[in-house]
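Note sheet for the following structure.
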Amino acid sequence: MRTQWPSPAKLNLFLYITGQRADGYHTLQTLFQFLDYGDTISIELRDDGDIRLLTPVEGVEHEDNLIVRAARLLIKTAADSGRLPTGSGANISIDKRLPMGGGLGGGSSNAATVLVALNYLWQCGLSMDELAEMGLTLGADVPVFVRGHAAFAEGVGEILTPVDPPEKWYLVAHPGVSIPTPVIFKDPELPRNTPKRSIETLLKCEFSNDCEVIARKRFREVDAVLSWLLEYAPSRLTGTGACVFAEFDTESEARQVLEQAPEWLNGFVAKGVNLSPLHRAML
């Protein structure tokens, strides 16, 4: 039997770089919220212990794909603790809607969905804490998708505090370029000394993203999309880009602006949600 699982997008409603550690990683403060929009992962169980990704990603080796790595990590962790039923395997396919290098967390969300879904389907019995800890070894954004609640993140993104920001409507636009995260984080002009503030203070301030000035400077496509969106609503970069989003109170307002978008702007409208669609599907 094949089951389908949501793999939602996320937005960084704000993102501030507060420092850089000796190991090169940047410390930050950011606010994650999910969207009711994303990829869909289909899983069909196997009884021969094999993991097969039926929809390979161009340019990514099978064993390097985060979906496969997540499944293999769960197999190893559950087996090491005697919680993996014999023969646990899966055929996995993905209906991909989220762009790579877009700042929407697509790969991290895919990995988290696989961890949560296979843990459930195989009846391994690992806790969300255990799955989140495993997810962190795959990527800094994976734990928030595993835990499934909007969160204020600190450290390098691994210290999560659940929060409930307003669930607004967003027009999310892709400028047509992919921005590898290191391109932004290695830029010498990236702000790295934004003062740390409490979540209470940050929620009262106007939201912004420290990476935006670098993305706009280095990628004229990002600058063009933001310049257009800012004529209609508060807009900013998500993550390290390339996607940007404009914020609206109603779906109709967001759709009206999207209908006026120039032909070169590729976008969609989605609602911000504080409970992940993945976790809603499991209720």
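Each Cβ is built from the backbone N, Cα and C atoms, and glycine gets one as well.
Copied from Swiss-Prot, the annotated features are:
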| type | residues | note |
| --- | --- | --- |
| ACT_SITE | Lys10 | active site |
| ACT_SITE | Asp141 | active site |
| BINDING | Pro99, Met100, Gly101, Gly102, Gly103, Leu104, Gly105, Gly106, Gly107, Ser108, Ser109 | ATP binding site |
Secondary-structure category, per DSSP, in which Asp141 (active site) falls: coil
Those binding-site residues listed as Pro99, Gly101, Gly105, Gly107, and which of them has the most Cβ atoms within 10 Å of its own Cβ: Gly105
Distance, Asp141 (active site) to Gly107 (ATP binding site) (CA atoms, angstrom): 9
Those binding-site residues, out of Pro99, Gly101, Gly105, that come within 10 angstroms of Asp141 (active site) at the Cα: Gly105
Assigned element (helix, strand, coil) containing Gly101 (ATP binding site), judged by DSSP: coil
Distant-in-sequence Cβ neighbours of Gly103 (ATP binding site), under 8 Å, six or more positions away: Asn12, Ile179, Leu237, Thr238, Gly239, Thr240, Gly241, Ala242, Cys243
Distance from Lys10 (active site) back to Ser109 (ATP binding site), taken between C-alpha atoms, in Å: 8
Pairwise Cα distance for Gly105 (ATP binding site)/Lys10 (active site) [Å, integer]: 6
Among Lys10, Ser109, Asp141, the one of these recorded positions whose Cβ has the fewest neighbouring Cβ atoms within 10 Å: Asp141
Neighbours of Pro99, Met100, Gly101, Gly102, Gly103, Leu104, Gly105, Gly106, Gly107, Ser108, Ser109 excl. site residues, C-beta within 8 Å of centre, ATP: Ala9, Leu98, Gly239
Mapped DSSP class for Gly107 (ATP binding site), helix or strand or coil: helix
Length of the line joining the Cα atoms of Gly101 (ATP binding site) and Lys10 (active site), in Å: 13
